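**Student:** One structure, as structure tokens, below. Some questions next.
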Amino acid sequence: MVRKSPGSGKEEDFTFISPVVKYLLIFFNMLFWVISMVMVGIGVYARLLKHAEAAMACLAVDPALLLIGVGILMFLITFCGCIGSLRENICLLQTFSICLTLVFLLQLAVGIVGFIFSDKARGKVSEIISNAIEHYRDDLDLQNLIDFGQKEFSCCGGISYKDWSQNMYFNCSSENRSQERCSVPYSCCLHDEGEAVINTLCGQGMQELDYLEAGEFIHTNGCIDRLVNWIHSNLFLLGGVALGLAIPQVTKHLRAKLIYTWRIGIQV
């Protein structure tokens, strides 16, 4: 769209930005802004409910910290986008655009690195799972997450059900006086579909059995192999989800760029 500045004979080129673009950007940023505050609130609430010693012992595998971290990052980015587009502030719009670009490139880089260095990625996943097993009883959120994963993937432990010996309560050593000695969590057990009441002691003493004997009562395969197989069989689905996450980022980036370019044009 061509406009003429009053009192000057020069023509200046401005790109017309529809109010729809502006208010769509504001709407989506406000939506994710609210979501980010909810995530931070849930994460902080979950952290406050935990005992101080237990909370400090398993910081690396605490789902609450992940919620808080992602929530704060999302809050800051959407704050720049929302206020920047509402006030048409060039600095905030540029910051928002750069942040979205960095997040998108980071997601892309993680996917590529994970694919190229799959062995190292597998080792890192194994390390995270081992750490989670070690702190299974220290954090209720982590415990629920592990139980959910083992039930969903029909697995037990990282590499095998024997990995549960890494936990001080399930350890098979003679020094361990726990009632759960040499056992596995109930989420490892084979359950009948029509079973009304779940026996939480079904994993008692399972680590003392060999694979064939234990296989009659619990899942003996590790969760790492199950997870890798699930990823391989759902590559197209995961690709679609990744694309679905990328499209809003790209469109918001483009809208921010349009408004930013428009504002620069007006100030020329």
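The backbone N, Cα and C atoms fix where each Cβ goes, and this holds for glycine too.
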**Student:** Would Swiss-Prot have P63 and L142 facing the same side of the membrane, if we go by the names of the topological domains it assigns?
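**Tutor:** According to Swiss-Prot, which assigns topological domains, P63 and L142 fall on the same side of the membrane.
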**Student:** With the disulphide bonds as Swiss-Prot has them, who is the partner of C188, out of C155, C156, C172, C202?
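**Tutor:** If we follow Swiss-Prot, the cysteine bonded to C188 turns out to be C156.
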**Student:** Take every residue in the topological domain 'Extracellular' (117-226), average their pLDDT values, and give the whole-number result.
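**Tutor:** That region's mean pLDDT is 88.
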**Student:** Using C-alpha atoms, which one of the recorded positions C155, N171, N176, C188, C189 comes nearest to C182 (disulfide bond)?
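**Tutor:** Ranked by Cα distance from C182 (disulfide bond), first place goes to N171.
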**Student:** Based on Cα distances to C223 (disulfide bond), point out the closest of the disulfide-bonded residues C156, C188, C189.
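**Tutor:** The smallest Cα gap between C223 (disulfide bond) and any of the disulfide-bonded residues is with C156.
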**Student:** Three states by DSSP: which one describes C188 (disulfide bond)?
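**Tutor:** Where C188 (disulfide bond) sits, the three-state DSSP reduction gives helix.
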**Student:** For C156 (disulfide bond), write down the residues of its own chain that are at least 6 apart in sequence and whose Cβ falls under 8 Å from its Cβ; none is a fine answer.
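**Tutor:** Q150, W164, V184, S187, C188, I218, H219, T220, N221, G222, C223 - these are the non-local Cβ neighbours of C156 (disulfide bond), listed in sequence order.
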